[in-house]
């Protein structure tokens with residue numbers, strides 16, 4: 001057997017250099033060699049054509065067949081390319097393959113799109129009903145909305161969530177919509193609508209409850225609590241898994257979040273302490289409440305991809321802590337709040 005293999009390889013190499021019809025491009029060819037080998041009293045005829053083809057070029061180098069080509073060279077569809085990009089942005093390297101195995105564009109990111117449309121519709125309604133007088137804020141009519149959070153109306157419990165639909169001006173809603181679409185759509189494609197919705201709404205609720213405790217005399221409008229919850233969860237995931245993600249993209253993501261948060265906080269401080277044209281002070285504490293919710297609950301939801309949350313001790317720690325904070329805030333608003 002070893003003699004057979006040796007003769008085949010030696011004969012093929014000799015013929016590569018001496019065969020008159022071997023082209024420069026190195027096309028496949030078959031060597032038909034009949035070798036008679038005496039093995040005792042038995043004579044064998046070996047037909048090399050029956051063996052596996054042996055494609056080589058003039059230098060004796062073997063060519064790659066189509067089956068040897070890497071899978072990366074095959075053409076990918078638009079949806080597949082999009083999911084590849086999303087996995088590079090949102091997941092550490094060890095989880096990308098699992099995500100891509102089951103990734104698809106259905107269902108689409110319904111939650112974040114619907115919530116954005118609802119917020120834009122409410123903004124347009126109040127802008128038409130009570131025309132805008134300046135670029136920064138709308139008229140005082142937004143404070144009479146049954147959706148806005150007002151300290152004196154906190155007994156109407158829905159206001160602790162519904163305030164996210166009302167915004168204080170063009171800059172306010174444009175900033176929130178752009179950021180929640182840029183961050184929320186990729187997150188929902190990876191983690192699906194339930195996880196993103198839970199994180200978003202937990203940030204909205206945490207924002208209003210934090211404002212009712214630490215800034216009890218200020219009103220509250222805008223979806224900043226939910227946006228900051230998404231940012232907080234994504235930020236923690238990017239920091240903790242920084243080494244497993246693409247370094248350059250990781251730095252860019254962290255810097256982008258820091259720049260947005262810094263500029264948005266600056267504008268929130270301006271609305272709260274400098275601008276008196278809105279007719280009512282707007283709290284900025286919801287930003288802190290939202291980002292804390294995102295860095296706890298959001299981090300657990302977004303880092304536990306392809307894992308069972310109920311078996312993750314971090315999930316229960318964050319859930320229990322969040323519930324305790326909500327209970328404390330409710331008790332504070334009922335019995336201890338200095339607001340009317």
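For all residues, glycine too, the Cβ spot is worked out from N, Cα and C.
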Annotated region 'Disordered' segment (source TrEMBL; candidates 56-75, 76-95, 96-115): 56-75
Tertiary contacts of the transmembrane segment (220-239) (same chain, 6+ residues out, Cβ under 8 Å): 90, 115, 119, 142, 148-150, 163-168, 172-173, 176, 179-180, 183-184, 187, 196, 199-208, 211, 245, 250, 253-254, 257, 260-261, 264, 268, 282-283, 286-287, 289-295, 297-299, 301-303
Overall pLDDT for the domain 'Peptidase S54 rhomboid' (155-303), taken as the rounded mean: 85
Close approaches to the transmembrane segment (160-185) from elsewhere in its chain (Cβ under 8 angstroms; 6 or more beyond its ends): 109, 111-113, 115-116, 118-120, 122-123, 126, 132, 134-138, 142, 145-149, 154, 196, 200-201, 204-205, 208-209, 212, 220-227, 230-231, 234, 260, 264, 267, 271, 278, 282
